[in-house]
Amino acid sequence: MRKLTSYSVRMRIAVIGQSLFGQEVYKELRKDGHTIVGVFTIPDKDGKADPLATEAEKDGVPVFKFPRWRLKGQAIQEVVTQYKATGAELNVLPFCSQFIPMEVIDHPRHGSIIYHPSLLPRHRGASAINWTLIHGDKKGGFTVFWADDGLDTGPILLQRECDVEPNDTVNTIYKRFLFPEGVKGTVEAVRLIAEGKAPKITQPAEGATYECIQKKDNAKIDWNQSAEALHNWIRGNDKVPGAWAEVDGQKVTFYGSSLVDNETAVNGQPLEIPGASQPGIVTKSGLVLFGNDGKTLLVKNLQFEDGKMIAAAQYFRSGSSAAVELTEEEKTFAEQMRAVWESILSNVSQIEDSTDFFKSGAASMDVVRLVEEVKLRASSCQLQNEDVYMNTTFKDFIQMCVRKLRGEDDEEELVVDYVSKNINNMIIKMPHQLFINGEFVDAEGGKTYKTINPTDGTAICDVSLAQISDVDRAVAAAKEAFEEGEWGKMNPRDRGRLIYRLADLMEEHQEELATIEAIDSGAVYTLALKTHVGMSIQTFRYFAGWCDKIQGSTIPINQARPNRNLTFTKKEPMGVCAIVIPWNYPLMMLAWKTAACLAAGNTVVLKPAQVTPLTALKFAELAARAGLPKGVINILPGSGALVGQRLSDHPDVRKLGFTGSTEIGKHIMKSCAVSNVKKVSLELGGKSPLIIFSDCEMDKAVRMGMSSVFFNKGENCIAAGRLFLEDSIHDLFVQKVVEEVKKMKIGDPLDRSTDHGPQNHKAHLDKLVEYCQTGVKEGATLVCGGRQVQRPGFFFEPTVFTDVQDHMYIAKEESFGPVMIISKFKSGEVDDVLRRANATEYGLASGVFTRDISKALYVSERLNAGTVFVNTYNKTDVAAPFGGFKQSGFGKDLGKANYRC
């Protein structure tokens, strides 16, 4: 609710002008209680009224649409008479392209005030914003001044200034400052007049400049200038009138200029430009141009004489794309968009494939509407305004939308050097390089290592091995994407659509992802499809829905009155988040941590486990194809000692999420504290107890007990590290478990009938052998298993130990493998078994099986663990927070509380 300021004078105001800016000023003046006695604007164009006229007509305010106010230098008296009849006490000219006679300017009691988009007396004239940029001014702003008979020479009433960013265009500085703050400033000027406090400050003669109106004829580029001067000329004419030059015998207009770091090597196809100091270079990022000082700038878009706009990177490929044939669903979408075009282009009787959006009368505000209409009908089609300018006919527009919907839009082609394999009845295509700033690149020095298939011990492929300089590059890219890129500024709902699109692409590639996961980590394919990949997709979809629901709160405070103080909190993204994940669930651990970071608007540098990098790199490819901007996702396969340590130490990383061993977690926590006190979340080791009472449902307890240990080959952070069986059911339970273990098929994870695949890697297999040997030496009873399977690969038998005493090593330390550790407890000794279950430094998960609800609640309340399963196990869900106590770490994955703000 807006509070109306109390003025001594409510004025009768005539608004003279046009455009959305004029519309907003008009609306704000009405909110402040002033009476708008008349709106004087331009005539309708192509049957469409100016936004200011539309708004005023809706309110019933008199609207006058004079084509001109003067004729042959003299005021048209009929026009002046109609104006004077309104009885205006003040004229407000927020944006006016017409010449207003002095007879009108001087008529009101308070005179006339004009908004001008420069810091007068600098840049008088109609192209003030253009010249602010062309001259490379470091400060810009606007002036509200009292109109006189000169050209922008009247006394200053109010000024506001802003910094001019290095790559600002007319459009960006207008949208960021000159429009929103200009509306506020114009309304504030009226308030000062109403209160009798408005100053009249004579403009100084010193520093005064006047420049001509920028038109197409005088916007030609003079190439004999420095790169910075060329950049300023191009951006100063972007979008109107557009800086141009002769290229290949035709007039080409340049848009989207930015200065480039000259230390970066430029690779691409040369483009001769008459008059330029050297040829431009068409790269996959755009057109690189050279100043006469040897420095460079980058141009994103080009427009030809026929109005067609293309991405500069597509210069040598423009017009080469074959038309796509539409599906029935796409044809329905096309007809919906035809109806939208008809509503926007109301002056066009029928929309044909050849109908040109702009030649039919569309303006810039129609572009904004068209982009939003597409979002309403196809949320996964993320258009930018430039997409409309580059596809002006209806046919080209639909083709462009359909390509985006299919994920085939290659405005900037993603280059992937795949390793392809024909396996699991499909061709899988695996990226194997680092992914930094939207590109797959080699590591420094071309360093690589081999990733091994645990099923047979053979090499899958060579993978780039990240070095410290690669980490620094990735963090810099993520920081730039967060601070300067579109990701941090993106509407949260649009961010959610991109994340959801990513989830859709993962679903389209789920069989390929599951196959890669199986050969890289040893996960059984059916489990990988359902859990490793399936839950990953669910996670991204879940957090996509949170993007526009992250909010703070308003807090009642003691000091709220009498000065109407207000206190509120905001949840804001932290910046660059580093993620270090383990090898047991390569894709799912990535999803659990990355999805939340992205939902909150952070950027990510992720180190997958060195032994399982391939699904993370495939994920990077899909993220790029989903449209996530450059630098938002960066993937660095490499060693923990090098890559993980550098991420822990890096001063530009603001949050680090780690899943792995307690020993490494402690080291990371120390490094994060010493470096820059970065925020940390840790999901570490576990020795999760599962208590099974005699009143359990036996068959279910056996089935779930086996799952609690052998799920994913025992490589499961919440695996039941120790089962406590009530003594009366001990023997029967063990008998049933052994019977079921003997039925388990150990073998190729791609075989649909396999129950138990290989352990992840050789070093882990060796540790399992040593672990079981230790249990035997300590006197535990080895009921079955305990050995490596004699076949190629890293297979280990499902193992069962009984008679495990509390002091034994295997009772206290986790195996992280398919080893069931069973201990007895006496009937009725509930508190004693709880003491034994809690006698561990870990507290990640736990479980209880009993038909007695009171006992279940009693036990679950006293188990010291982040998750307690009752009559079930391993039932994690994307909506439920997940994390541990004690030396199992702190912080949560998943659930509402886990958006990374």
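Please read every residue number as a count from 1 along the shown chain.
Every residue, even glycine, has its Cβ placed from backbone N, Cα and C.
Look at TrEMBL and you will find Gln98, Phe99, Ile100, Asp152 tagged as (6R)-10-formyltetrahydrofolate binding site. Annotation source TrEMBL lists active site, proton donor at His116, Cys717. If you look up TrEMBL, you'll see Asp152 marked as site 'Essential for catalytic activity'. Look at TrEMBL and you will find 328-405 tagged as domain 'Carrier'. Annotation comment: TrEMBL describes 581-583, 607-610, 640-645, 660-661, Lys767, 814-816 as NADP(+) binding site. Look at TrEMBL and you will find Glu683 tagged as active site, proton acceptor. Marked as active site by TrEMBL: Glu683.
Take Gln98, Phe99, Ile100, Asp152, the residues named in the record as contacts for (6R)-10-formyltetrahydrofolate: the widest Cα to Cα gap among them comes to 14 Å.
The recorded positions considered are Asp152, Glu683; of these, Asp152 has the fewest other C-beta atoms within 10 angstroms of its C-beta.
Within 10 Å of the C-beta atom of Gln645 (NADP(+) binding site) sit 17 other C-beta atoms, taking all shown protein chains into account. Sequence-distant neighbours of Cys717 (active site, proton donor) (same chain, 6+ residues apart, CB-CB distance under 8 A): Pro582, Asn584, Thr659, Glu683, Gly685, Gly686, Leu844, Ala845. Closest by Cα distance to Asp152 ((6R)-10-formyltetrahydrofolate binding site), from the binding-site residues Lys607, Leu642, Lys767, Phe816, is Lys607. Here the binding-site residues are Gln98, Gln610; the one with the fewest Cβ atoms within 10 Å of its Cβ is Gln98. For Phe816 (NADP(+) binding site), the Cβ neighbour count at a 10 Å cut-off comes to 24, with all displayed protein chains included. Within 8 Å of the centroid defined by the CB atoms of Gln98, Phe99, Ile100, Asp152, the record's (6R)-10-formyltetrahydrofolate site, lie the Cβ atoms of Leu93, Cys96, Ser97, excluding the listed residues themselves. Same-chain residues at least 6 positions away in sequence with a Cβ under 8 Å from that of Ile581 (NADP(+) binding site) are, in sequence order, Met589, Leu590, Lys593, Leu606, Lys607, Pro608, Ala609, Ala616, Thr659, Gly660. In sequence order, Gly817 make up the list of same-chain residues 6 or more apart from Lys767 (NADP(+) binding site) whose Cβ falls under 8 Å from its Cβ. Ranking the recorded positions His116, Lys607 by C-beta neighbours within 10 Å puts Lys607 at the top.
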